[in-house]
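As recorded in Swiss-Prot, the features of this protein are as follows:
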ZN_FING   501-561  zinc finger
BINDING   Cys507, Cys510, Cys531, Cys534  Zn(2+) 1 binding site
BINDING   Cys523, Cys526, Cys553, Cys556  Zn(2+) 2 binding site
REGION    598-619  region 'Disordered'
COMPBIAS  603-619  compositional bias 'Polar residues'
Amino acid sequence: MAVVKVEFAISGKLVNKPRVDDWNPLAKFYYADEALNAVANELDSFDGRRDPERCSQLVNKLRQAQDRLLHIISEMIQQVFPRESDRACRDYRVKFPEEIMHDNLPGQLWFGAEANVIPVFGCTFSCLTAGSNIIDHEVESEAIRPMARALTKHLDTLRDLLKDQSLRDPTHYSDKVKRSLKHFDHLFAEFELNYVSAMVPVKSVREYDCQLDIAVLFSEALDRAVRLDYLTQDQIDDCDPIVMIAVPRLAIVCGLLYFPEGALNVDANPETLSNMFRSFHSLLVKIRDLLRILNLHELRRVEKALCTGETQVKFGEDSIVETLTVANFHLKTTGKGTGRILEAQNLQPNGSSSSNSSDGGDCDVSSASGSVCHTNTFAYKILSPIRLKDSSESSSIENSSKLDLLIMTHPPDPHRLRARFRSSADLIHRLFVCICGVADQLQTNYPTDLRRVLKMILQPNDVVPISGKTAPNPENEEEMGLEVQEALPLPSLIGVRWVPDSDCEQCTACSAQFTLVRRRHHCRNCGRIFCSRCSANSLPLPELGYDRKVRVCNLCFLYKINPFSPCTGQSNSSQNHSVIAFNSAVTSTAVVLNQVDHERSQDGSQSNESPTATTATTI
């Protein structure tokens, strides 16, 4: 009797098994879990020493299966808990390095928690749940091992619950499943934070606040540049390289002049500065002093030169246009003591510095991209009247420290600062060289931080209000089919509302009735339903989250190929015009396709699902 019950239960599960082409998350989870178990069983019974290449392939396949399974679980969590406040907070990800955040991160974390040996983030990970340690991270391993065990244990329980629920009803989530999903979400978030923090350096709260202050400063500088016509809105929209170069330069001017107590507060402790500008503290102080003695006209000329990127700019008829040399900057002063000579060095376009000798004394200065002490020394050689004679590294450090103390205790006289330069053009050229030297080094020394700050101001996140109510299931239905299941990204990003399958019984374009053979196909661009003949084209839609080619209807295909067709000239204020244009386009497309079908039927070569020539117009 017991054997009969077991056989009946097994047969019941086979009967209730979800369809392969079902697009519900629970149905997708069932087959993804089956694929993961198959790969795991094959890997357990495989001797990796006999065929290491095959073993490596199986490990990669296992990682992909784990990653896909976690993406499906994440899709379930977003569907069951649509409000972000109900899910685990993941704001800590802003502290992670940019190269860490990718789509395969969840799978790598799971694999790293229970696999034997795995290279992730350039390190070798050992089995945490089995008691091994991460190489060179023994203390961190002991701290996160309980989290890894709790995560893997709960994940096994969750997989059993989800698989059982998928056999019962793939469209319903029981209260027990919901509680388990929520608990897993919090466990995985906690493990992710501690695991990544142990492997790679992450930003502290103060460092992240400093980065946000820099982003605000860059944003203010960009806004001011647009108001003063230094940059155009078209350049910003197109992410012109000129914008990428000019914004850091203008931000230095804004931070030192207009926001002295902000992100570039050089009067405070240098340790409070962002890591991006900390090594340039002494040079920033001298740039600030020179900027303060400029009049409004000279300041505009400096900012214009920083935007154009031209080292030789014609500022006026009486300005010096020829290349400046060290001899042009020799200025002898008289007084009680020895005369002081200002030595200036011209900075080449590629950032290298040339050394010159004068009055029998030589002083070699390394490139501006060198160490901090050399950078400070180079700054004083340009902007300070004190002459440096020692060329050794120890002497440079000692002299720089003394000069730092001298400048802080005795603020420079504006009249003396201006008297060191022959003309206004000389002063502007010196400022241009120093500001560009600091800003351009950010791209070399801190490329990741600079890229993230520029991304914040050039590609801000749009806040879209979302209702807290869960959308009904028909609106979340997607097209059936294994080929689409493999092509769509997970979690899928749907930017348009799809027409439910139950609301459409015929093709939107040709009005052909859908049957068992003629299937429904959603256009990824407009969300309407078409037959295969009227949606035989594919295009990538990155603005909707589809980086790879996905199915689009013939109408949207031609619109994407030729967006300047006559229908785009319709007035946006009248919806009737667009509706009439769409209906006429659908009618004309249907007539042409029906004529083609009629001709093929006469030749005896018609097929219900044969693709035809693409005929489309704009929506």
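Heads up, the Cβ atoms here are built off N, Cα and C, so glycines get one too.
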Counting across all protein chains present, how many other Cβ atoms fall within 10 Å of the Cβ of Cys526 (Zn(2+) 2 binding site)?
20
Return the residues near Cys523 (Zn(2+) 2 binding site) by Cβ distance under 8 Å, restricted to its own chain and a separation of at least 6 in sequence.
Ile529, Phe530, Ser535, Arg551, Val552, Cys553, Leu555, Cys556
Helix, strand and coil totals (DSSP H, G, I; E, B; other) for the zinc finger (501-561):
17 helix, 18 strand, 26 coil
What are the non-local neighbours of Cys507 (Zn(2+) 1 binding site), defined as same-chain residues 6+ apart in sequence with CB under 8 A from its CB?
Phe514, Ile529, Phe530, Cys531, Arg533, Cys534
C-alpha of Cys510 (Zn(2+) 1 binding site) to C-alpha of Cys526 (Zn(2+) 2 binding site): distance in Å?
16
Among Cys510, Cys534, Cys553, Cys556 [binding-site residues], residue with fewest other Cβ within 10 Å:
Cys510
Over the zinc finger (501-561), what is the model's average pLDDT?
85
Have a look around Cys531 (Zn(2+) 1 binding site) and count the other CB atoms within 10 A of its CB, chains all included.
25
